[in-house]
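Participant: Annotations per TrEMBL:
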| type | residues | note |
| --- | --- | --- |
| BINDING | Asp36, Arg37, Thr43, Ser44, Val166, Gly308, Gly309, Trp310, Gly311, Val312, Thr313 | FAD binding site |
| BINDING | Tyr224, Arg279, Gly309 | D-dopa binding site |
| DOMAIN | 6-320 | domain 'FAD dependent oxidoreductase' |
Amino acid sequence: MKSMTVVVVGGGVVGFSTAVCIAEALPYCSVTLIADRFTPDTTSDVAAGILICSPFPDIPLEQQQRWFKETIDHLLAIAQSEQASEAGVLLSSGWQIYKELPADKVPFWSAFVLGFRIMTDRELKRFPDHKFGQAFTTVKCECSNYLRWMEKRFRKAGGQVVKQKVNDLQELSSQGYDVIVNCSGLGAKSLVGDSEVYPVRGQILKVQAPWLQHFIRDGEGQSYIYPGMHSVTVGGTRQVDDWRLEVDPEDSQDILERCSSLEPSLSRARVLGVSVGLRPSRKNVRVEREMVLLGSRQVPVVHNYGHGGWGVTLSWGTALEALGLVRKCLHEMRPRARL
C-alpha cells in the first residue's frame, strides 16, 4: 500500500520529467499527473528541443549549470541507448553564429556539450554577415516522441495519468493529496495567480531537407535551422506578450527568408507544416515550495515552471530539484519515515 500521495499538474516536458523523477525515486508515493493537454497538443511539442540556454538573471549560475548538466547527461545516456529512436533523442552538431562579438564568448554551459570550440575564420566564411561563432555537438529532443516515451516510463513506475483541466488549486483540495507539484507553465498565471508569467510567441516550420545535417543558430535566437529525425525545424519568432496561436503567413515568409539567407538550399525545401507555441516565460524560472491553504488544510506546493524557451534544456535538472523539495515536504510530514 502506497502511503503518500503526490499530484503533478502539467503534461509538458517539465511536468512529465518531474512526475517520472518522483515516481521512480519515491516508490512509496502514489503519483498522479493531471493535465488538460497532452502530446501532440502541448507547448513542448512545438519546441525545437535543442539543448542550449541563456542564463536567468537572478539564479546562481552554479545552479543553472547543474540543471543543464543533469539534463544533458540524462539525454546523452538515452541517445547512446537502444531507446534513442523511440524516445526521439539524438546528437546534433552545428554552429551558433553572431553578427557582433557576444559579451560572453564562452557560455556557461560550454563544458557540458561535446567538443565546444570557437569557429575558425575559414568556417565563418560561409556566413559573411557574421563575425563570430561557436561550434559544438549537443542533444536534440523530438518532444512528440519523447513525451510519449516519458508517459510510458511514468506509467511503468506506477504513475497514473488523468486528463482534466485544473483552473484553481482549490479544486484539488477534496482529493487529499499530500503534496501538489505545479508544472503548469503558462497556466501558472491563472492557476496560482503569478503575474510574472507571460507568453513569448514562437512560430516554426517543419521542412523536408534531408541533405541538411548540421544546425545553424543565430546567436540572437531569432533565426535557427535544426535538422531532426524526420524533418528540419526552421524558425522562428520571439513575440513578447503575444497570445496568438494562429499561424501568421507573414511570419512564415519572414522565417523562410531569414533562414534561406543562412542556408540558401532551404529555398528549395518543401514545407511540411507550420506550428505555433507560447513559451511560458518569466524573469526567473520558479523552483521553490510554499504552503497553500486548500479548504481547511495547509498543503505544501512545489513549483517548477517559467522556463521560457529552455524547458527541454533544463527539464531533468529542475525536475530533480523539485524532487528534492518534495522529499523535504514529505520528510517534514513524517519525520520518522525512511525517505
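Start at 1 and count along the chain as shown; that gives each residue its number.
Glycine too: its Cβ is placed from the backbone N, Cα and C atoms.
In TrEMBL, annotation is done automatically, which means it is predicted and not curated.
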Participant: Over the span of the domain 'FAD dependent oxidoreductase' (6-320), how high is the average pLDDT in this prediction?
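Facilitator: A mean pLDDT of 96 is what the model gives the domain 'FAD dependent oxidoreductase' (6-320).
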Participant: If I restrict to non-local contacts, at least six residues apart, and a C-beta distance under 8 angstroms, what lies near Asp36 (FAD binding site) in its own chain?
Facilitator: Gly11, Lys163, Gln164, Lys165, Val166
Participant: Restricting to the chain of Gly309 (FAD binding site) and a gap of 6 or more, list residues whose Cβ falls under 8 Å of its Cβ, or answer none.
Facilitator: Ala47, Val200, Gly202, Gly221, Arg238, Arg279, Ser281
Participant: Using a 10 Å cut-off on CB atoms, tell me which of the binding-site residues Thr43, Thr313 is the least crowded.
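Facilitator: Taking Thr43, Thr313 as the binding-site residues, the minimal 10 Å Cβ count falls on Thr43.
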Participant: Tell me which residues of the chain lie with their Cβ under 8 angstroms from that of Tyr224 (D-dopa binding site), as long as they are six or more apart in sequence?
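Facilitator: The list for Tyr224 (D-dopa binding site) reads Ala48, Ile50, Phe215, Ile216, Arg217, Asp218, Thr233, Val234, Gly235, Gly236, Cys259, given in order along the sequence.
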Participant: Which residues, sitting 6 or more apart from Gly311 (FAD binding site) on the same chain, put a CB under 8 Å from its CB?
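Facilitator: The list for Gly311 (FAD binding site) reads Gly12, Val13, Val14, Thr43, Ser44, Ala47, Gly185, Arg279, Pro280, given in order along the sequence.
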Participant: Taking the Cβ of Arg279 (D-dopa binding site) as the centre, how many other Cβ atoms fall within a 10 Å radius?
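Facilitator: If we count other Cβ atoms within 10 Å of Arg279 (D-dopa binding site), we arrive at 24.
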Participant: CB neighbours of Val166 (FAD binding site) within 10 A?
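Facilitator: There are 20 such Cβ atoms around Val166 (FAD binding site).
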Participant: Starting from the Cβ centroid of Tyr224, Arg279, Gly309, which together make up the recorded D-dopa site, report each further residue of the same chain whose Cβ lies within 8 Å of that point, ordered by sequence.
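Facilitator: Filtered neighbour residues, in order: Ala47, Ala48, Val200, Gly202, Gly221, Gly235, Gly236, Arg238, Gly308, Trp310.
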